[in-house]
Amino acid sequence: MAESCSRKLIVEVCNAKNLMPKDGQGTASAYAIVDFDGQRRRTKTIFRDLNPGWDEKLEFLVQDAESMVSEILELNVYNDKKTGKRSTFLGKVKIAGSTFVQSGSETLVYYPLEKRSVFSQIKGEIGLKICYVDENPPAAEAAPEEQKSEAPPPSATEEKPPEKEEEKKAEEEKKEEEKTSVEKPPENPKPEETPAAVPPPAAVVENPPVAEKPKQEVKAVIEKRPNLGMNDLELRSLSGDRSRSAYDLVDRMPFLYVRVVKAKRANPEADTSVYTKLVIGTHSIKTKSQADKDWDQVFAFDKEGLNSTSLEVSVWVEKKGTDNCTESSLGTVSFDLQEVPKRVPPDSPLAPQWYTLEGSPENSLGTDIMLAVWIGTQADEAFQEAWQSDSGGLVPETRAKVYLSPKLWYLRLTVIQTQDLQLGSGSEPKVKNPELYVKGQLGPQLNKTSRTTVSSSSSSSNPTWNEDLVFIAAEPFEPFLVITVEDVTNGHSVGHAKVQVASIDKRTDDRSEPRSRWFNLIGDENRPYAGRIHVRVCLEGGYHVLDEAAHVTSDVRATAKQLAKAPIGLLEVGIRGASNLLPVKTKDGTRGTTDAYVVAKYGPKWVRTRTILDRFNPRWNEQYTWEVYDPCTVLTIGVFDNAMYKHDEAGKSGKDMRIGKLRVRLSTLDTNRVYMGSYSLTVLLPGGAKKMGEIEIAVRFSCSSWLNLIQAYASPTLPRMHYVRPFGPAQQDILRHTAMRIVTARLGRSEPPLGQEVVQFLLDSDTHMWSMRRSKANWFRVVGCLSKAATFARWLDGIRTWVHPPTTVLVHVLLVAIVLCPHLVLPTIFMYAFLIIALRFRYRQRAPLTMDPRLSYVDAVGLDELDEEFDGFPTTRSGDQIRIRYDRLRALAGRAQTLLGDVAAQGERLEALFNWRDPRATGIFVVVCLFASLLFYVVPFKAFVLGSGFYYLRHPRFRDDMPSVPVNFFRRLPSFSDQIL
């Protein structure tokens, strides 16, 4: 019997930090109980320590390696009852099996301790290292007792079964007192009854006899399946077979399927090859021409595009002669489409049958062909690999594909210092006080440190930098990170060192510093040793590498697998079709045509539909799913015209043209509801905005737990490392565009490639470029946000000027009520906000919002401004055009410059009031402050507020048209505007 591999899960419980005191003396005596797959292990107790360190390794036997990803490891921390009245709960952690890594890749990860119920008082975190080891099992002849002896050593809790029983009773008493049944008690009665020398479940330790092993394995799988803890949402998301997934968001499209398997001829001739021809209406398709007569090809014809009611299948033979090649038919078999059977998955595939060819005199001896003909839908498992009539057949560039973005890491190189540098070559004299810098290169990425001067007066001078250089590393990694020390004075390299990227340490947080390493610098041929360099290099797994524009991000998960969280929902998108598409190219030089396909992007998963050729109303009816980890993310969908189709015939490949794009923010969708509708496709061209048609999609955001969805809104947007060790805005912007270029290059190397123009269009890689249109759009967005404040200011001005006297009188009454009952101010404000917002619920937006041409300011933009937006960098326009645009930009910048100066002047006037820049003004202010302090000491504050309100709301006949005294006084204060050249 073939020897299989067994798997062990190793959980190293390292330490805990900042636990909640539970013993009544300000401390806690903590121990941990770990449960996995029916097995339980216990650590020792660390007495009277809120930051205990266990450093214990607990081993578990994995019963089924394939289902390990669906298992849950649960760890509970308790306070030992020896230091208190009973064992007190200190927190728990649940870790999905999908985050477990193989031995050698584990890192220390700190998990926050969770509550058992809403009444639990829990805080702190626990550090764990989790990995699994695959090893060969013992020989089949080994006795069961021998396997028992190889079981993991008993832990502290296994040595004292009576103590565990007491802990269990104490825990049950606590449960009864709290009367909560949120979680099961951590102790399981079954492991209690097992002796210490025997592992908890017998099925885990003992192997069945060899003859009964297949039956036992099947039984174990059947018994284990209900205990996977997977809901319908996770099962649907883990379904890898698209043909068996539900197509409930799209229409079922009927296709005529023909599977041509092989042909059988009585007397085959030498030097001949055979092929099959399928004729249905205007469609005439041939199989591969080969001598063995075995094809096994599937053809799918769009039933709506068929203009015939019969299918003819004929077999032809090619005879290769000296001068030419002759073809002759061996016969034909016909099918009436009205009698073709229908098949819908999950029905089993239709079995092919032998059919005798008729109608040819050369087929006197008889030739048979094995066929299967049926009518199915796009959900048929044969559809993906079949020849498709609506997408050009078996052309790779028109097939539906799923792409994955590469896994990205931040690589941090900390340059510390260098020693023993051999400056200058043998033929050149040494330079006095040379300037050095360190350069790091990973593939095409190049980063440099600042320059430092080496003092020649001290022989022991070692240049020191202590600077971080951050790169983007994509899996599979580049082979080497090259570190070079450069001499600026003579322009030569002092030496270089190569670091294997595969050997670089990985970390998930900032609690552990990566180890520093020394590398010898290699010089030229005359200097094999040029010194050495001290660096610290690591792969940062605690960050999320941003590869999208910040406002359209679709994934915020950390890179490290150990920090992965369970999905909170499932996103299903049905790409149904498009209508009224405009022609974007000409076919045969006579008429316009469009070969449209759709690309959808969410997280690292990109999907591309098949290309529907030469149709202005294409119907794709393809459905895709994504796992959702954060509801505040964006789905991006783009429509393109396929220019890669038949690019070999044209001699070159063109760029796919944009037809339109739309985005859907998941937080604006109701859960478990289907949104189906058509959305306008508008593309921005140098000649202006143009409506290219409409796309029809269906979207559903499914969520099984409202609690997890609400908790997502309270969690940080990005992983923890973005806040404890953040990157600067300029550095983050550079890293983002570097990541975009890497993703674009990797997807461009796929087969078939996803074009650069497609990836950049969906990632919005040009949002950082200057655009007059975007600037105006952002300005009007700011104006729109401030419009509510302007409306309130106008309403308040109408109150104080008595435009509507009854309203002003009511405001006077409200002011008196606020002054006399100030404790009712905040409750009234929040109750008013609750009522107003609740009443607006019925007027909320029913359909998801997508791209808005009016908000994008595409209708009121000039042609020259659009031409400037589409201009590359550096510019390729003429000098006159550049001069006009530069003058326009100068005029706009002049207004912005004046606005900034006015804002700065107001702040400088306020600062001058305290700095005695104008002694008389500051003196007046000081005297006013003195009298104000004496006045407010006598006058109650409520009286001051009431009097100030009445004075502000006084009748216009008591007002003066001139500015008030405080305004005049403030405007006369000095600023620094008169000191600027």
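Note that Cβ sites are derived from N, Cα and C of the backbone, with glycine treated the same way.
If you look up TrEMBL, you'll see 157-193 marked as compositional bias 'Basic and acidic residues'.
Across the compositional bias 'Polar residues' (444-454), the DSSP tally of helix, strand and coil residues reads 0 helix, 6 strand, 5 coil. According to TrEMBL, the feature compositional bias 'Polar residues' maps to 444-454.
Annotation source TrEMBL lists domain 'C2' at 1-110 (among others). Model confidence over the domain 'C2' (1-110) is summarised by a mean pLDDT of 86.
Feature annotation from TrEMBL assigns domain 'C2' to 237-355 (among others).
The domain 'C2' annotation in TrEMBL covers 390-519 (among others).
If you look up TrEMBL, you'll see 552-679 (among others) marked as domain 'C2'.
Look at TrEMBL and you will find 139-215 (among others) tagged as region 'Disordered'.
Per TrEMBL, the feature region 'Disordered' maps to 442-463 (among others).
Note on the compositional bias 'Polar residues' (444-454): residues 413, 415, 421, 423, 433-438, 461, 463-465, 467, 469-472, 488, 738 of its chain, located 6 or more positions outside it, place their CB under 8 angstroms from a CB of the stretch. According to DSSP, the secondary structure content of the domain 'C2' (552-679) in residues is 11 helix, 63 strand, 54 coil. According to DSSP, the domain 'C2' (390-519) comprises 8 helix, 66 strand, 56 coil.
The residues of the domain 'C2' (1-110), classed with DSSP into helix (H, G, I), strand (E, B) and coil, number 9 helix, 55 strand, 46 coil.
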